[in-house]
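Since the structure comes first, as structure tokens, the remarks are kept for the end.
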Amino acid sequence: MHHLWMHSFPISLFNPCSAPLFPSQKFQEMNTLLSHLCCCILILCIYAPTSATSDNPPLQDVCPMAPQGERRELSMNGFLCKHPSTILASDFKTLLLNHAGDLDSIARSSVSMVTAAEFPGLNTLGLSMARTDIAPYGVVLPHSHPRASEMMFVHGGSVVVGFLDTEGRLFQKRLGEGEVFVFPRGLLHYVMNYGFGLATAFSVLNSQNPGVVGVAHAMFFASDSDVVEGLMARMLKFGEMEVTGDNNITAGFPWAF
């Protein structure tokens with residue numbers, strides 16, 4: 001009986017995709033469908049683990065492996081969590097963005113960023129926030145966020161914003177109160193005051209540690225701050241800054257398009 005069963009339904013263990021599970025002509029179509037399903041399952045078994053185990057984007061710039069025997073430090077994509085019994089409503093509230101920043105600088109602007117390091121409730125949520133205040137003739141110098149995109153909402157005043165893509169194209173717009181602009185992840189972008197009063201904007205970034213790479217620091221790094229400020233003042237030309245429409249800046253930025 002056992003011999004007859006194996007003879008009637010031969011199954012290949014070595015090539016399940018081509019095995020005739022139903023030799024009868026009546027079940028030929030079902031046999032084909034099952035063979036295709038078997039092939040799909042094998043493909044999923046091969047490729048699914050690769051996609052499921054891909055690394056998460058790092059939240060720190062560098063993390064070399066510590067050699068054996070050397071002191072090591074645990075690094076996580078986020079901070080350790082509080083015990084559930086100690087979590088309070090105050091962990092999810094912050095007052096760090098309810099006041100304007102210090103505008104007494106050569107750029108006449110201030111950017112206050114709040115990440116999970118300053119606001120515990122942001123931990124593991126993948127979010128950061130920022131407040132930007134810009135005095136008349138002020139500018140937020142070109143910079144990028146290597147780990148986040150930024151969505152900016154203009155709370156008051158008028159600004160000109162823009163970013164530069166990897167092909168050198170400039171995307172620039174003038175924004176008024178209540179309008180929103182998005183800066184793609186990792187691209188150089190800037191903001192400048194277009195009006196005669198204080199301009200204020202709030203931003204949300206999709207990383208709890210977005211990082212900031214500033215062109216000014218990279219280009220003008222020096223121990224003599226007077227030299228740095230002198231160079232920036234000459235290049236920015238605050239007294240001659242002009243904006244001609246939405247698509248061109250004729251002066252006021254430390255590069256030529």
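Cβ coordinates are placed from backbone N, Cα and C, and glycine is handled just like the others.
Note that TrEMBL annotation is computational and uncurated.
Listed features, source TrEMBL:
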DISULFID  CYS63-CYS81  disulfide bond
DOMAIN    95-228  domain 'Cupin type-1'
BINDING   HIS143, HIS145, GLU150, HIS189  Mn(2+) binding site
BINDING   HIS145, GLU150  oxalate binding site
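Take the mean position of the Cβ atoms of HIS143, HIS145, GLU150, HIS189, the recorded Mn(2+) site; other residues of that chain with a Cβ within 8 Å of it are SER144, ALA148, PHE163, PHE183, LEU187, LEU188, PRO210, VAL212. Sequence-distant contacts (6 or more apart, same chain, Cβ under 8 Å) of HIS189 (Mn(2+) binding site) comprise PRO142, HIS143, SER144, GLU150, VAL161, GLY162, PHE163, LEU164, PHE183. Ranking the binding-site residues HIS143, HIS145 by other CB atoms within 10 A of the CB puts HIS143 at the bottom. Across the domain 'Cupin type-1' (95-228), mean pLDDT in this model comes to 90.
When the neighbouring Cβ atoms lying within 10 Å are counted for each of the recorded positions (CYS63, CYS81, GLU150), the highest count belongs to GLU150. Per DSSP, the secondary structure of the domain 'Cupin type-1' (95-228) breaks down as 13 helix, 57 strand, 64 coil. Comparing CYS81 (disulfide bond) with HIS145 (Mn(2+) binding site), their Cα atoms are 25 Å apart once rounded.
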